[in-house]
C-alpha cells in the first residue's frame with residue numbers, strides 16, 4: 001500500500017468528496033437560483049462507473065476511509081446504485097455516504113442501502129413547507145420528509161440533515177428544529193452561508209456566524225463532542241434530553257482549516273485541494289486503464305504538496321467556486 005496522504009502541514013487525508021454530476025433539479029437561492037445551466041466543462045461527460053471505480057481504488061490505496069458522493073444531485077445519475085457498489089468494492093473504504101436533496105430518497109433508500117451506502121445527508125433548509133418551496137424552487141417538502149422516514153425504515157441508524165444558516169430566513173427557527181430532532185436520531189447540521197463567485201450579494205444580505213447558535217446551545221446545556229479522524233468539519237453537540245444531535249459548520253472561524261482531512265474530485269475528474277481553491281489537477285487521463293493506478297496515485301500525492309494552509313474566504317477570495325454545484329460543496 002502507498003503511504004498515507006499527507007500535506008506539507010502534516011494534515012492527513014482520510015476523506016474524499018466525489019462529485020458525480022453538477023446537474024441539479026432544485027433551484028436553491030444560495031446555490032443555483034436560476035436553475036442548472038450546462039457548461040462547457042461537462043462536454044466530455046461525467047465520470048463513468050469504471051472511472052469512478054479507478055479513482056476511488058487509488059484513493060483507498062492512499063489511505064482514504066470515507067467517500068461521500070455529491071453533486072449537483074447525485075441521484076439524478078441513472079447508474080447511481082452501480083456507482084455505490086463500485087466504490088464499495090474497496091475494502092479499505094469503511095463509509096460510503098451521499099449528500100442529496102432527498103427527492104428520490106423515499107423511492108430508493110432501500111436499494112441504495114443494499115448496494116452498500118452507509119450514510120445519508122439530506123438538505124432541508126426549513127421545516128415550513130412554503131418556505132422550503134421558496135428556498136428550493138420545488139414544492140417537495142413532504143416528499144423529502146417521507147424520504148428521511150424511508151431512510152430510517154431502510155436501516156440507516158442516523159440521518160444527517162444539512163441546513164444552510166441564513167439571517168432573516170431560518171436563523172431564528174432554532175426551537176422548531178430542536179423540537180424536530182428531540183425524538184429522532186437526526187444530526188442537524190447548520191452550515192454557515194459561504195460566499196461564492198455568483199453569490200456575493202446574497203452572502204452580504206444573509207450571512208450570520210454559527211457562533212450565535214453555538215453560544216445559545218452551550219447556554220442550554222449542549223455538550224461538544226470529539227471528532228473522529230474521517231469525520232467532516234462539523235462541530236457536533238449532544239444533549240441528554242435529545243435523541244438527535246446538532247452540528248455546526250463554520251468555515252469563517254479561526255483555524256477552521258487546521259483540521260482539514262478531505263479532498264475533492266469533480267464530476268469531470270479534476271482533483272481540487274480546497275472547495276475554494278484555484279484550478280485543480282486533472283486526473284481523467286489516468287482513469288482509462290487499471291494499469292495506470294500507480295501513476296494516478298503519484299499524481300494525487302504530488303498535487304497534495306501544493307495544498308495551501310488555509311482558504312482565503314475572509315478576503316472574499318472564492319477561488320474558482322462560482323456556485324456550490326460545481327465541485328459538490
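Every residue, even glycine, has its Cβ placed from backbone N, Cα and C.
Now, the feature entries from Swiss-Prot:
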- 8-234: domain 'Radical SAM core' (DOMAIN)
- 17, 68, 99, 160, 262, 263, 264: GTP binding site (BINDING)
- 24, 28, 31: [4Fe-4S] cluster 1 binding site (BINDING)
- 30, 72, 123, 194: S-adenosyl-L-methionine binding site (BINDING)
- 257, 260, 274: [4Fe-4S] cluster 2 binding site (BINDING)
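Looking only at Cα atoms, residue 274 ([4Fe-4S] cluster 2 binding site) sits nearest to 17 among the binding-site residues 17, 24, 31, 160. Residue environment of residue 24 ([4Fe-4S] cluster 1 binding site) contains 21 other Cβ atoms, counted within 10 Å of its Cβ in all protein chains. Secondary structure at residue 24 ([4Fe-4S] cluster 1 binding site), taken from DSSP and collapsed to helix, strand or coil, is coil. When the alpha carbons of residue 28 ([4Fe-4S] cluster 1 binding site) and residue 160 (GTP binding site) are compared, the span between them is 19 angstrom. Note: the Cα of residue 264 (GTP binding site) and the Cα of residue 24 ([4Fe-4S] cluster 1 binding site) are spaced 18 Å from each other. Here the candidates are the binding-site residues 30, 68, 72, 99, 160. The one whose C-alpha lies nearest to that of residue 260 ([4Fe-4S] cluster 2 binding site) is 68. Remark: residue 68 (GTP binding site) has 15, 16, 17, 18, 96, 97, 98, 99, 119, 121, 232 as non-local neighbours, by Cβ distance under 8 Å and separation of at least 6 in sequence. The CA atom of residue 123 (S-adenosyl-L-methionine binding site) is located 21 Å away from the CA atom of residue 263 (GTP binding site). Annotation for the binding-site residues 257, 260, 263: lowest Cβ count within 10 Å of the residue's own Cβ, 257.
Note: the Cα of residue 194 (S-adenosyl-L-methionine binding site) and the Cα of residue 257 ([4Fe-4S] cluster 2 binding site) are spaced 15 Å from each other.
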